Amino acid sequence: MADMSLEDAKHGQQQFLSFIMANEEYGVDILSVQEIRGWEPTTVLPNAPDYVKGVINLRGTIVPIIDLRQKFGIKSLEYGTTTVVIVVKVTMEDAQKIIGIVVDAVSDVFSIEEDEIRRAPDFGHETDLRFIKGLANVQDKMVILLEINRLLGSAILPDPDTLSRILDNIDQQSQALSA
Amino acid sequence: MDIDLSQFSQVFFEESIEGLAAMESELLKLDVDAPDPETINTIFRAAHSIKGGSATFGFMAVANYTHLLETLLDEIRDGRRRMTPDHVDMLLHSVDLLRGMIDSLMNKSEFNDPKLPQLEQRLAQALASNNAPETSQPEPAESSAAPVASDADSAIEDCWYIDFKAGFDIMRCGNDPLLMFAELEAKGEVQVSLLPPQFPAWDDFDPEGCYLHWQLKVITDAPQKSLQEVFEWVEDECEISYQRGCSTVTGEALQAADDTVDTQVGAISQAGAVSQAAVLGQSISQSTSQSVNQSQAATPIAGSSLPTATAVTPIEKAPQAQAAKQAASAKNAESSSIRVSTEKIDMLINMVGELVITQAMLGQIGQQEEINQESLLLLQQGLEQLASHTRDLQESVMQIRMLPISFAFNRFPRLVRDIGQQLGKKVELVLKGEDTELDKTVLEKIVDPMVHLVRNSLDHGLELPEARLARGKSETGTITLNAFHQGGCIVIEIVDDGAGLNTEKILMKARQKGLVGPDEELPEESIHQLIFKPGFSTADTVSDLSGRGVGMDVVKRNIHELNGTIELRSEAGKGSRFTIRLPLTLAILDGQLIRIGKHIYVVPLVSIYESLQVPSNRINKLSDGHELIRLRDEYLPVIKVFREFNHDADAKEIKDGLVMVVDNNNEKTGLLVDELLAQQQVVIKSLEDNYTRIPGISGATILGDGTVALIIDVAGLVNLAGISNSKEHAA
């Protein structure tokens, strides 16, 4: 099957790891995923934003952990044994950084043709939505594909309220699609 | 096909810089009146390696210049020229110039220092002047040969005789001599003559082999290098030699020379031996690697027998790096690579071997079906071994980063000599403890502060010879650099026997600048501390050496950034002593673990004075919310760390907790903590790699249980707390 994936790459196919957060499915480029771990207590960083949960020791490297729910302005869940941390490699300002993101659960790995990715709907207002790479339909589900470098990088995210409104909008749209 | 030489040029740069450092230190050691031949040899070898390397990489400006140096050094070495102080000076300047040239090559920037033509001229003049020792009787030919040699690489239209004996397998390798000749033709006029081939008997004849031997005469203005390039691909398998004639010679002479050369060239190819080559003067033979000495021996003969033949010293492919390797280079410390002694590597390999054995042993125990008393004992032993090996391994790995401080010290003899001359002061520099090792990163960062302190000592500290004599001191001042280990730190002392600090002058200046109140009296110690204040200088005239007042505060800040301290002791009329104390390494820190609420932090042990409980009657509250404690006769501000870091703590009031007194730029500050835990060495990890800088935190470390603890940056914490100057509060 190794040949297959090589072929896939040639034809502009991309593989995504999808995860679930607040009943929404998101996808990140699988090449940026380094590993998936369970939640473990972190060392809290003083004066850090709420969504930065602290740092952990990942085999000798100090890795910050970010709660994606809080980054999106969604209410954080109580962390438990099923809480998952996806460790991703992000390129920020030409430097590679390793960051862990807390999500509700990991869902699936799927391949998508480049032309199957629909652009995120334009919401008209001056919200920077470049952290959303696009939308994709996978087995009748809508997955929001995230541009991880922009999401965690220097780009300023819209404020949590706007963001959750946008996410609601996307949600409605996907329901309209499936209807 | 083309080999990308640029990947090797970094090695050349490093070796050149080392070579230059070697030249410099040897020159400074050199006794002009009775030069040690070995010293001159070392200098010569360094110059020679640089020349060889630069020519290989096509850095012709460097090669041409070093060639001049080499010629001069060669004459001195052979005793044909007497060393003069002027030579030493010129050579030292050349070292600087070459350093500049190599720097600009490294940065790929244009090099045009007006000093280059000046020095080149000076060198040429020096070479032209006849300054032979009376003891030897120079032949006139020698002095004439040398100047000609100096423009060996210049672009007069030259005639080259190339003796080309094709390698037997040349055709099989796909190289066609005809194509090479055609390429030569593109460079100038070529005459090719084939020597009578010496075929073997018919039965032994290999139709695919090549038995041919040519002689070529090329009239071209191209440098030798470009001729060599033509044969670059075959030079290993063929016998090629180059002999230079000169086309400016008139017809008959040319013909005559031609004949001589022809016969002689024939001679080489027959014998193929270096000794024969000597007859021809300095010919370059690439198939036989000629040593410098042999070719030098050839010079006089070349001068007399073939006056028009110019000498070209052989280009050696393998740089003689031994001398350069031994020589410590201060610059080298700044490059990103590091030279590690084989001894250290062997030690590491040994240790890893031990580790593997222990691992195998533990593995064996792990595979046993059940753990009984006996195997438990073995397991414990194994784990103990593992622990000790790990510790040893860690130590030896740290050792790799350790370099002797001579890397930093080595630049000072030159500095002291130059500045001393400039200021008209007589100075002797004493270096002690040069073998003391410290971390490479620390070493790199300590050089600049040290340079500054030494300059200061020279400029402000030491007096002029007359003043010294008047004070009953010896005419020559002494500056001592001393390095030694003391309790996990490295201590560097910079001591001079000069005038010491002028406390009155300092106090006066400080009053002028408003650093000290007009009527305020200070103890001598505190006056000395004033020189570390920003913008402070007592020098009457601003020179390019010192006196701009942007010095001591920067020195102090740099040292603080390394987690080090600097102390000053000075006695009027007797001299001053700066003591720098630095951690051995930046990667490992002696830390005190503290607990505040649920959080564990590390405070660098070097910055802690003491920890104590403070009763409420010694706590004063200021109107701006800051709190001060009275400790003996001092008032210290106390930072409530939990408040700055926005988390919970057991002790919210000073009287309930512990106050840890820490150093912040020589001022004491208290930190309110809940509990002191263990003291231990911690490995510093960067937070910035994957996150950003956090105010008040200098880094992180991993504790024994695998969790992360943050390391407190005292200066950052003080900034965070908004305490500007504790002294002001105290006053």
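Just so it is clear, glycine is given a Cβ too, placed from its N, Cα and C backbone atoms.
Keep in mind the model is a prediction, meaning the values are calculated, not measured.
For B:132-148, the entry in TrEMBL reads compositional bias 'Low complexity'.
Marked as domain 'HPt' by TrEMBL: B:1-105.
Summarising the annotation, TrEMBL assigns domain 'Histidine kinase' to B:383-586.
The domain 'CheW-like' annotation in TrEMBL covers B:588-723. Taking DSSP states H, G and I as helix and E and B as strand, the domain 'CheW-like' (B:588-723) has 21 helix, 71 strand, 44 coil.
Cβ neighbour count for B:His48 (phosphohistidine) (all protein chains, 10 Å cutoff from its Cβ): 25. According to DSSP, B:His48 (phosphohistidine) sits within a helical segment. According to TrEMBL, the phosphohistidine annotation covers B:His48.
Annotation source TrEMBL lists region 'Disordered' at B:127-148.
Taking H, G and I as helix, E and B as strand and the rest as coil, DSSP gives the domain 'HPt' (B:1-105) the counts 83 helix, 0 strand, 22 coil.
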